[in-house]
Amino acid sequence: MIAVRRILIREEYCMGCKLCEINCVAAQVETGNLIKVYRYVPELPEPNVIVEEHDYVTFALQCRNCDDPSCLKACMTGAMHRDPKTGAIRVNQEKCVGCWMCVMACPFGVIRRNTKEKKVASKCDLCADRGTPGCVEGCPNEALVLVEVRE
Amino acid sequence: MAKRKVPPEFVVERDDYKCIRCLACVRVCSYGANFYDENANRVYTENTKCVGCHFCEAICPTEAITVRKNDFDIRPLAHWTPEHLIGIMKQAETGGVLLTSMGNDRPYFSYFDRIVLNASQVTNPSIDPLREPMEIRTYIGRKEEKLEIEEDEDGTVKLKTEIAPQLKLEVPVMFTAMSYGSISLNAILSLARAARTVGTFFNTGEGGLPKELREFKDNMIVQVASGRFGVSADYLNAGSAVEIKIGQGAKPGIGGHLPGEKVTEPISETRMIPVGTDALSPAPHHDIYSIEDLRQLIYAIKEATRYEKPVGVKIAAVHNVAPIAAGAVRAGADYIVIDGIRGGTGAAPKITRDHVGIPIEFAVAVVDQRLREEGIRHMASIVVAGGIRNSADVIKAIALGADAVYIGTAALISLGCHLCQTCYLGKCNWGIATQDPKLTKRLNPEIGARRAANLLRAWAHEIKEILGGMGINAIESLRGNREVLRGVGLHEYELKLLGIKPAGEAW
């Protein structure tokens, strides 16, 4: 049994401010400080969380870390793998050849291309190396909540 | 177009170094005041659209935004202030009644601020509330004149007198009537959950009962107002008490008007009126033109609720408040709510809000005094509403004669309200005074309930602390105990009305 991190999406409280996206970007950069990140980091990474909007329905979506992940099956090199410790789906950039089959296979559309390196770029790793994920920490209305599921 | 522009009331200042162009402020402003200029890569604000709700300031992740009051610097004139000028400008433009929200903001004397509290020294020991029991539970409802006890043959003692229905309050503070329509369902849910956690009551207001609130029966007071929206036998029995609203402190003597645009599907369902029709609450109840008529309604409600629930009457504090309250008590009210001149509202004509009514401090003092003189004080509890800002106000109100207080504005502040006084626009950025689904979801009732409950808990701690300092161990020993109060800088006649001594005078 391992404790697996999951991010719970509560669309009923999402106001569409997109601060999760902003904080996700900052969480991927070393300094972390929002002002420093946005002023001085030359090439900012893509956010791994995307706010979907339609009229008043808004919610932040990041990798669901599916139990039966299509991206993992679609990956021909084995770059896409499940982290045995956290249970999160992660991508090994060394192995990735940039075929982008995972991008096509993902039913949620949360894997993005990295056009600079021609590899898979955006893939939420649940901020495995960080305490609370940036998006959860940055949400002003608790529309994203970190939960631990025992598996 | 004739250029007679009303100057902006607020200025949104942005520290350009700190602004990271995340555009959160642009996305969230319901008034559309914030803009992003792609060509210049700058965020800016159209200040005339800003109402000063501070939502953008609160949400800005880098603290780049400061919302400031715009000083409309005309030649300094003591009599003609910018407020008067702006009022005339707006009216010259529209020809309409100036609307506003919240409570009276005029610089009338606050008597609460001129009253100080006592504390024990040497001769009467103070009590440490952390070590010794401190009772702040109170009961709202009619109390019996005397208690009769009977003894069985086998010696067991029983209460013979039948006790009238009571509301049990763990904290002498309740959430006042704010209807579904005037505030969002998430706001009401926040207060309802907080009331349940802490052990007090919230009030549905006159907007009827959304089905989501049915589960809060044990912490809910239902209101019957002149519009009688959503009132049915089922509704009357849905809460723990029924309150007849005669008047409101923010707008004594006038009714209410919920514009048709705000009567959406869910509002129409709870108010039991067609979608899109104006919800008009007449100024008087059209079946109440005397105390005798009031008595009829009180007893009609008591019959409908099988005498199982206290029935209260809410009146605004006006010049004749004492005899009116006494009349209502004799008419059968189990509790009286007095709403003072500072009482809040979702929408009222500014001229009424700012100039009609009397300060609550006088109202509660004279009502308590009058009921005592008539020997009917025990027949009804007194609940004070209108401008209660902190636990000291609660203590002073109770010492002046109240049983408990109602808070409205303070409760909404705990949910996020920044007192911008534009509830009547229905575009509340904080998700409180709005029905727009895009805005109401900004108020997460889990957070709201937590914050409102925290406020009550904090006040409870402070009340216990002050009571202990005065050497009193029960809130009921404080009620009407005006010896613990002293006036500072008040005239003799004011002191007499308040029934308190000036500071410096011993017992």
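From the backbone N, Cα and C atoms, a Cβ is placed for every residue, glycine too.
Cβ neighbour count for B:CYS25 ([4Fe-4S] cluster 1 binding site): 26 (other Cβ atoms within 10 Å of its Cβ, all protein chains included). The [4Fe-4S] cluster 1 binding site feature in Swiss-Prot is assigned to B:CYS19, B:CYS22, B:CYS25, B:CYS60; the stated evidence is similarity to another entry.
Taken from Swiss-Prot, the feature [4Fe-4S] cluster 2 binding site covers B:CYS29, B:CYS50, B:CYS53, B:CYS56, and the record attributes it to similarity to another entry. In three-state terms derived from DSSP, B:CYS50 ([4Fe-4S] cluster 2 binding site) belongs to neither a helical nor a strand segment and is classed as coil. All protein chains considered, the CB of B:CYS50 ([4Fe-4S] cluster 2 binding site) has 22 other CB atoms within 10 Å.
What Swiss-Prot lists as domain '4Fe-4S ferredoxin-type 1' is B:10-39. Here the domain '4Fe-4S ferredoxin-type 1' (B:10-39) returns a mean pLDDT of 96 for the predicted model.
As annotated by Swiss-Prot, domain '4Fe-4S ferredoxin-type 2' applies to B:41-70. Helix first, then strand, then coil: DSSP counts for the domain '4Fe-4S ferredoxin-type 2' (B:41-70) stand at 8 helix, 9 strand, 13 coil.
When other Cβ atoms within 10 Å of the Cβ of B:CYS29 ([4Fe-4S] cluster 2 binding site) are tallied across all protein chains shown, the result is 23. Closest in space to B:CYS29 ([4Fe-4S] cluster 2 binding site), of the binding-site residues given as B:CYS19, B:CYS22, B:CYS60, is B:CYS60, taking the CA atom of each residue. Listed binding-site residues (B:CYS22, B:CYS56, B:CYS60) with a CB under 8 Å from any chain A CB: B:CYS22. Excluding B:CYS19, B:CYS22, B:CYS25, B:CYS60 themselves, the residues of that chain whose CB lies within 8 A of the CB mean position for the [4Fe-4S] cluster 1 site are, in sequence, B:ARG14, B:ILE20, B:ARG21, B:LEU23, B:ALA24, B:VAL43, B:CYS56, B:ILE59, B:PRO61, B:THR62, B:ALA64, B:ILE65. Each of the binding-site residues B:CYS19, B:CYS56, B:CYS60 was scored by other CB atoms within 10 A of its CB, and the lowest score goes to B:CYS19. Using Cα positions, the member of the binding-site residues B:CYS19, B:CYS22, B:CYS25, B:CYS60 nearest to B:CYS50 ([4Fe-4S] cluster 2 binding site) is identified as B:CYS25.
Within 10 Å of the C-beta of B:CYS53 ([4Fe-4S] cluster 2 binding site) we count 25 further C-beta atoms, all protein chains included.
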